[in-house]
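As structure tokens, the structure follows; a few thoughts come after it.
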Amino acid sequence: MQAHEKRENQLTDPISSNPKFNHAESRIAIAGHPVHAMLVSFPIALTTCAWGADIFYWATGDLFWARAALWASGMAFLMGLLAGLSGTVELLVVPGIRARAASWTHFIIAMTLLAVLGANWGYRLYGYEEMLLPYGLLLSSLSAAFAGFAGWHGGKLVFDYQVGTSSSGS
Ligand code: HEM
């Protein structure tokens, strides 16, 4: 065996060889069930509702849908903050979650989502009846796209990287 091949075989990945790498169980949990997973459904569903209400307002001109979009976008933002808080605490306190680059990618996608959700709601607070075209619809469409992206990536963390999963399952 060549000297350089020997040296390569001796190299270890400093991240996965960290003794705490496999400590990725959720700490912010109720009876072992991660709180973050319980909360994320709310911003995802409410963001989709706000987008749907915008489409109905565009199609019918009925002010009911403009008000529905205002409430749904506001609640999506506030519940998104709560979901983000539980996720952030998890990220900071669990060493195996902190060590995975994918967790930080999820954090960046989620923070972008929260910024767009805040803009979508804030914009409507200055006259929800007239804001639909073009920026209201653009912001709610962008929010829906980012909610899908963050949700899909969160699922990837759990299913592909075993983040937040219990090691006692059989
Ligand atoms: C802002 C900071 C956020 C951080 C640091 C964060 C972090 C995490 C972590 C560590 C997990 C793994 C499961 C767990 O430990 O609970 C996770 C899962 C997940 N996250 Fe986030 N998250 C954030 C925000 C969000 C938001 C706003 C959404 C909403 C779209 C979201 C959607 C998801 C989903 C769908 C899962 C998979 C849940 C499951 O199936 O168990 N995350 N996130």
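Each residue's number is its place along the chain shown, starting with 1.
Glycine is treated like the rest: Cβ placed from N, Cα and C.
The compositional bias 'Basic and acidic residues' annotation in TrEMBL covers 1-10. For the compositional bias 'Basic and acidic residues' (1-10), the number of residues in each DSSP class (helix H, G, I; strand E, B; coil) is 8 helix, 0 strand, 2 coil.
The region 'Disordered' annotation in TrEMBL covers 1-20. Remote same-chain partners of the region 'Disordered' (1-20), defined as residues 6 or more beyond its termini with a Cβ less than 8 Å from a stretch Cβ, comprise 95-96, 99-101.
Per TrEMBL, the feature compositional bias 'Polar residues' maps to 11-20.
For 32-166, the entry in TrEMBL reads domain 'DUF2231'. With DSSP classes pooled into helix, strand and coil, the tally for the domain 'DUF2231' (32-166) is 113 helix, 3 strand, 19 coil.
Under the heading transmembrane segment, TrEMBL lists 37-59 (among others).
Taken from TrEMBL, the feature transmembrane segment covers 71-94 (among others).
According to TrEMBL, the feature transmembrane segment maps to 106-126 (among others). Long-range contacts of the transmembrane segment (106-126) within its own chain (CB-CB distance under 8 A, at least 6 residues past either end) are made by residues 43, 47, 50, 69-70, 73-74, 76-77, 80-81, 84, 87-88, 91, 135-136, 139-140, 142-143, 146-147, 149-150, 153-154, 157.
Annotated transmembrane segment per TrEMBL: 132-152 (among others), in sequence order.
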